[in-house]
Each structure stands twice: as C-alpha cells, then as structure tokens.
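Down below is the structure, laid out as structure tokens.
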Amino acid sequence: MDTILALTGITKRFPGVVALRGIDLRVARGEIHALLGENGAGKSTLMKILCGIYPPDEGTIAIDGEPRRFANHHDAIAAGVGIVFQEFSLIPDLNAVDNLFLGREWRGRLGLRDRARMRRAAADIFARLGMAVDLSAPVRELSVAQQQFVEIGKALSLDARVLILDEPTATLTPAEAARLFGVMRELKRQGVAMIFISHHLDEIFEVCDRITVLRDGQYVGTTQRARTDVGALVEMMVGRRIEHSFPPKPPLARDAAAVLEVDALQVRENGPVNRFALREGEILGFAGLVGSGRTSSALALIGAKPARVRRMRLRGRAVRLSGPADALAAGIGLLPESRKTQGLITEFSIRHNVAINNLGKHRRLRWFVDAAAEARATRELMKRLGVKAPTPDTRVDTLSGGNQQKVVIARWLNHHTRILIFDEPTRGIDIGAKAEIYQLMRELTARGYSIVLISSELPEIVGMCDRVAVFRQGRIEAVLDGDAIDANTVMTYATSDARGANHEHA
C-alpha cells in the first residue's frame, strides 16, 4: 500500500476526559477512506489534530513517511492537508475566485491583484473537478452543491494531497450527492487521498475503499468495504448488534380519539386547503419532497408561520393559535430541524435548557427559582430519556447530537406537552442514537403522547409512522395507513398527480 498519511498512537486529553486513546490510521494515496463512529467517538477531535487545530498529547503524524508536527492550521495546509467542514467558511458576497484566493491573492509586478491569472487558475481547478461554476457570481447565488465545490476547490488550490470531507452530503439532494461522488472518484484517479466522514452507511458502501471505526475515543478496526456489511459496521460502532432500527408498530387503532383536528389549513393565498387529524398515541408522518409544504404546514399549524386560513379543534374544542406561545399553552411543542440554532441555547446547561419553557414550575417565594428542585427534575428526565452527561449543569454544546435532541425532548416533557412535532429529528445523528430516538418516540406514544414526524428519510417515514400524510406542491395528496405505507407508494404520491381519494382523511 502506498501510504501517504500515517497517524500512530494519537492520544488527546481534555480536563477530566481522555478524548482519544492511542489511535492509529493509515490512508493510501488515491484512496477514499471512511472514518466512522457514533457522535462522541472522537472523529472530530482526530481530524482537528490532523488539521493542526489541536496538538496531540501523544503520538505522531507522518506525511509521505516524513514526521510532522503542526503548531497551527497553516502548518497542516503547508503539509498538504485540506478540510471541507460541514459548515462552509465562504464569504457570501465574494465570487468563487475571490473566495478561492482570499488572503493569498496573486499580484503582478506593480503589486496589484492579478485577477486574470487567478481567474484562469480557478477555471483550471473547476475543470479538474469536472464542474461548471459561475466565477463572477457571489457565492450566495450558487447552489449548496456548487458552494461545496468551491470549498473543495479552495483546498485543491492549496495543493491538498489529503482531503478531509466532513459530512459533505448533509445538505445535498440525492442528485447533488451523486455529482459529489463523481468528483471524489475523479480526485481519487488523480491520486488525492480522502477521509470521508458520514453517518449514511449507504454512501460509505457506494464510494469508499476502506473503513476505519472509532468508539469511545479508541480504535476499533479497519476493514475493506467489500469484506463487511452494514450489520458488522454498526456492531463495531456501537458495541452491539442492532438487528432492527425501528421498534415494532402497535396495532393500528382506527377508533382512537382525535386530539387535534385541522378542519382547514391554507398556508399561502390561492394555495390548497388541507384537512387532517392527529389521533391519540399515534405517529403521523408528513412526507414529501423538499419544498412540498411539509414543514411550512407544521409551522403554520402552531402559528410560527402566517397562514391564510387556520381552523382547528383541540380535543373537540375550537382553538386559535396566533403564535408559538399559544401553541405552548395548548400543549403543542415543536422540535425544530436545526436543534442547535432553533431548539437549544447551546451555551447554557442542560438544566437551564430543560427549564426555559416552564420557568415558573420550580419557583419559590414568587420571584426565586428553586435551583435544587430544578436540578432534581432535570436529573429525572435525563435518566428517563437516557441523556448521557455527568450532571444537569453540563453545557449542552459539549453533548453529542443524539443527547442534544433528547434535551429538546426533555424540555417539552417538563412542560407536560402532549402533542410533539418532530422536524427531521435524526438529522446528523449516528445510527445508535437514531435507534434510541425511535424507541423513545414509541415509548411516548405508548403513554398517550401524539407525534407528527416530518422526515426526508423514506425508511424513517415507513418504519416509524402509523399513518402518513403525503405532501406535493403544498397539498396533501393522500393519507396512507397500514400496509399502504411503503416507499414506492409514498414516492408515487409525492412526485405524481395521482391524488388519493382520501386526501381529506380525518
């Protein structure tokens, strides 16, 4: 094997915790190497060490057999290590050329920027990627996929020989992801080594050559893609074999009482008027393509988005929800798609995040919060939901994605909310944490909670939902239940004009 990158015995300690313990990693020239592990396994810490952001406490880094010590990120770049983070670092109002050469502009003899030369170099880079990018347009006008290719181009313009791709498909459509994989294969052909981090095992099997798994900051093993399967990888990641990600569905209760009846919901002027109902103890899926109206309908439902028409009944009584505060008072809670920016105050503790929707619950002498009672209640919810953290006063930004999602759920349970809207609840969460979230959702419905599940992942919709409302162009095309819930049927209604006869099903 023509090894270009060798990490040996990498150990990293932070106060009170050993984040990495003796990690070994070998990556060959022209190889796409997957790095797998649950959130908190140490992937990000290892990549930050490779990029010069953290120094290792023990261990060595070698590039082309030459030992390297990176004092900072610039040292790693100079050694040929590039990274494309999940969150882009582009300047929105600058074009692709200016973003590529920001801070290291090429200059002519008079010290002026040589724009023509930089533009030619940028065109060569994108030709190398096989991508057409408008070099004159501000990058904010480019698609998400094109912005990602600009990030990759930045790394290549710095002569990156080892390229780290951190969850690169998280915001891409399937077509854009396929285009990215084509670019990765072309870079592989050119001899660039890539470390590919993804929670999507189907992507790993599609594009990677070898796979290294970390668990709890330790090296578990490296395997050839062709010599393993999904079950074996999951067992390596979580330390146990997960036979079924989705818990069994209970029998469909067609006579269950409706807790929420939406008699008319029209999000935009001249748009379709939808009707649906949510039953006690069920998971109702909102399925459809991006832009189909799933999320906008849910936001309009709770008053977080304006609606032209909104008529609904809560447990048989007419209710007006003019905003999220009204929804909160009515016992309806939203777990938003972006938990870090919309669902949590990440700089706050678990206790403060759990209590924020119900500050009066543990008040004493009218004005003072009983911090001890608040901590006890938070500790009970942490135990009930399986939140892995030392204390209720642990900061939320130190938790994994799965544990952060559980904190959002705990906040609503602390308020005794009985109707929960989950918007993309497992996005960015590893496979073990997904199984825990799914089990938790079923435990909630068994206690009489009702859930609306909005998801772009068809297996999640099919595996978790008792009924599914399929949206297309803002309209509910059909409400499916029982054996009718399968991927083909959902996609047929989501993409075709064949409207279901029961699209006003209640």
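Here the Cβ of each residue, glycine as well, is placed from N, Cα and C on the backbone.
Feature list (source: Swiss-Prot):
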DOMAIN    5-241  domain 'ABC transporter 1'
BINDING   Gly37, Glu38, Asn39, Gly40, Ala41, Gly42, Lys43, Ser44  ATP binding site
DOMAIN    254-498  domain 'ABC transporter 2'
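Where Swiss-Prot records a feature, it is marked here on the structure.
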{"residue": "Gly37", "record": "ATP binding site", "contacts (Cβ under 8 Å, 6+ apart)": "Lys43, Val213, Leu214, Arg215, Val220, Met237, Asp430"}
{"residue": "Glu38", "record": "ATP binding site", "contacts (Cβ under 8 Å, 6+ apart)": "Arg215, Met237, Val238, Ser400, Gly402, Asp430, Ile431, Gly432, Ala433"}
{"residue": "Gly40", "record": "ATP binding site", "contacts (Cβ under 8 Å, 6+ apart)": "Asp216, Ser400"}
{"residue": "Ala41", "record": "ATP binding site", "contacts (Cβ under 8 Å, 6+ apart)": "Leu214, Arg215, Asp216, Gly217, Met237, Asp430"}
{"residue": "Gly42", "record": "ATP binding site", "contacts (Cβ under 8 Å, 6+ apart)": "Ala19, Leu20, Ile23, Leu214, Asp216, Gly217, Gln218"}
{"residue": "Ser44", "record": "ATP binding site", "contacts (Cβ under 8 Å, 6+ apart)": "Asp166"}
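There are 23 other CB atoms within 10 A of the CB of Lys43 (ATP binding site), with all protein chains counted. As a whole-number mean, the pLDDT of the domain 'ABC transporter 2' (254-498) in this prediction is 87.
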